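Novice: Features from TrEMBL:
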TRANSMEM  A:21-40  transmembrane segment
TRANSMEM  A:46-67  transmembrane segment
DOMAIN    A:64-145  domain 'YdbS-like PH'
TRANSMEM  A:188-211  transmembrane segment
TRANSMEM  A:231-253  transmembrane segment
DOMAIN    A:271-327  domain 'YdbS-like PH'
TRANSMEM  A:368-386  transmembrane segment
TRANSMEM  A:392-409  transmembrane segment
DOMAIN    A:409-488  domain 'YdbS-like PH'
Amino acid sequence: MKMSEKKRLHPISVIANILKQLKDAFLPLILVIIIGNKTVSSMWDITVPLAVVVYTIVIGIVSWLRFTYWLEEGELRIEYGVFVRKKRYIPFERIQGISISEGFLQRMVGVVKVNVETAGHQPGEAEAVLTAVTRKEAKQLQRLIQKSKEKTEEIAEILPREESTASFLPNDQGLEQEEKNIIFSMNFWEIFQVALTSGGAFGVISAIFLFATQFDELIPYEKLYKDAQTFIAHGVFYTAVVILLIFIAAYIISVIQNMLRYAFFTVEKIGENIIISRGLLERKKIAIPIERVQGIVIKENIIRRWFGYASVYVIHAGGAFNEGDHGSIVLCPLIKKERIASVILSCLPEYSLNLKFIAPPKRACIRYMLRPLYVLLFPVCIAAFWLRPWGLLLLLLLSIASYFGYLSYQDAGWAISNHQLALRSRLLSVRTVYMLKNRIQSMEASCNWFQQRQRLGTIMATVMSGTGGAGGKVVDLDQKDIQTIYTWFKRTKGN
Amino acid sequence: MNGEPRKRISERALSVWRIYGMIGWAVSFIAFATVIALLIIFDGPKWIIPILVILLLGEGYFFIFFIPTLRWRRWRYEVREQEIEIQKGLFVMKRTLIPMIRVQHVDSSQGPLLKKYKLASVTIFTAATVHEIPALDEGEAEELRYHISRLARVADEDV
């Protein structure tokens with residue numbers, strides 16, 4: 001069987017497509033029928049669903065006709081799309097894994113479904129799906145990709161390649177002589193401190209709120225609102241007390257939660273893996289292959305910063321098919337700032353933390369101080385007017401917000417060394433991201449009209465998909481500095 | 001910043017974007033016309049009508065002429081041996097640098113309107129980000145996709 005010819009999927013995929021489409025259209029369709037029942041014409045009842053069904057069938061067939069795939073020049077090539085024609089070419093080397101599955105439909109005609117996954121932007125979502133191919137073809141595809149993998153592995157022996165699939169079984173290396181040492185651990189007192197300063201109360205409150213909204217049908221809100229209205233009428237003081245009590249309760253819950261979560265927290269280095277284990281009731285163990293670490297994040301929240309403590313996270317890229325955890329993983333929940341460098345040195349020696357950060361220029365200060373006001377100014381003014389005369393005290397909030405803006409100006413900065421970029425920014429807590437040059441996926445320098453006038457700009461570097469632990473960003477740096485960072489990342493020099 | 005990327009996207013992109021603008025404008029034309037008709041029928045305040053007309057004309061100018069032109073003028077890209085650089089932005093100028101070794105795969109796609117103008121867009125995927133170069137000449141897009149796909153594989157890590 002030649003794989004280099006353009007070919008279509010097994011026709012069973014037409015049915016699979018149609019069924020999937022119908023499943024998606026099911027709810028709206030029911031809705032249309034129900035609404036249709038209330039109107040007079042009975043034609044409507046039949047025509048709309050019929051039109052939808054005919055449409056899905058036609059689309060199902062056409063999209064099957066248009067979907068072709070083949071292997072050529074070491075790439076899996078797919079062309080598809082009914083209205084918008086799309087071509088997707090995936091080099092074998094970039095394919096992280098192939099999973100073969102068979103659903104009910106596939107089994108009926110003896111074919112399989114193939115999911116092709118790369119180190120994609122959306123973990124867990126396959127980059128390409130071949131809904132129905134013969135088992136033989138699937139095997140062949142698997143073999144071909146394996147072969148090209150091996151080829152690159154040979155290169156990998158000379159050049160350490162980060163993209164090679166990670167081994168998640170530290171036991172496999174157990175036969176080799178391995179160094180095993182505890183890098184970091186926490187005693188009871190430290191864990192208690194973590195729990196106290198974690199600020200998880202907001203998390204608990206929002207969880208309660210979420211929980212409440214899940215059952216909004218059961219809870220008699222209208223009655224509650226009425227009660228609340230009479231209650232509030234009794235005085236702002238009582239309301240404040242109740243809110244305070246809720247906060248205290250939530251705080252205590254979050255402290256207990258965190259105590260349980262971080263109990264017996266230890267970090268070990270076994271061979272080329274960092275092993276983090278924690279938890280009292282539920283013992284959790286996370287293995288992070290060092291080659292999958294995309295960056296280090298150091299966070300200092302307000303309270304911890306006060307006492308000279310911080311928490312350290314690693315940005316972990318995960319593996320193919322959602323193997324292992326993905327995202328920011330806490331390495332040290334609470335650590336004296338002076339100790340961080342030594343911990344990092346013992347597990348991730350490629351990173352260097354002792355850097356001198358370069359701050360944004362003085363002229364950026366005013367922009368930093370004004371930034372929190374953009375969002376706050378309007379609601380606060382309205383609230384102040386509404387609750388006057390005492391509400392005018394709310395205006396103090398604006399100056400506090402502005403002060404935090406000033407703090408973020410003071411703490412922002414960047415530092416580059418030969419192979420590493422560090423970006424530091426602050427919202428409420430200070431966040432410093434350390435990224436190796438060869439781990440940065442893309443870099444963006446931007447400047448808007450206002451920044452342009454003051455020769456300022458924003459720099460952003462991304463090491464992983466997703467929000468949160470995705471990378472670093474610093475606003476309002478000097479454009480010369482931006483240029484320096486940008487050129488540092490550029491591989492084509494003298495341009 | 002100096003050293004801008006050199007290549008521009010196809011000039012025909014301008015026509016396509018203008019058509020997109022016109023479609024949007026047609027929709028708001030209908031909406032505005034309805035409001036004006038209602039104002040006349042129900043004898044509403046007449047002074048609103050000239051304001052609406054000005055708004056509509058303004059929108060037309062903005063989305064059919066001003067923005068597409070500015071967007072086209074700002075759009076630049078360059079594919080080099082080891083990296084791809086993109087520059088774009090209307091009010092916020094953005095420059096993006098994507099190392100070739102980070103490119104996972106490349107898509108090209110073509111909708112009906114783009115097809116009519118013999119244009120296509122190219123989308124570049126890294127493990128973390130997605131970048132689109134819109135409205136390239138069909139042949140150029142194909143070539144670019146081929147080229148990037150080639151370079152992305154040759155460029156092995158230089159750790």
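Backbone N, Cα and C atoms are what each Cβ position is placed from, and that goes for glycine too.
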Novice: Across the domain 'YdbS-like PH' (A:64-145), what does the mean pLDDT come to, as a whole number?
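Specialist: The predicted confidence over the domain 'YdbS-like PH' (A:64-145), as a mean pLDDT, is 83.
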Novice: For the domain 'YdbS-like PH' (A:64-145), give the DSSP counts of helix residues, strand residues and coil residues.
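Specialist: Tallied per class, the domain 'YdbS-like PH' (A:64-145) gives 23 helix, 40 strand, 19 coil.
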Novice: Determine how many residues of the domain 'YdbS-like PH' (A:271-327) DSSP places in helix, in strand and in coil.
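Specialist: Once the DSSP states are binned, the domain 'YdbS-like PH' (A:271-327) shows 11 helix, 29 strand, 17 coil.
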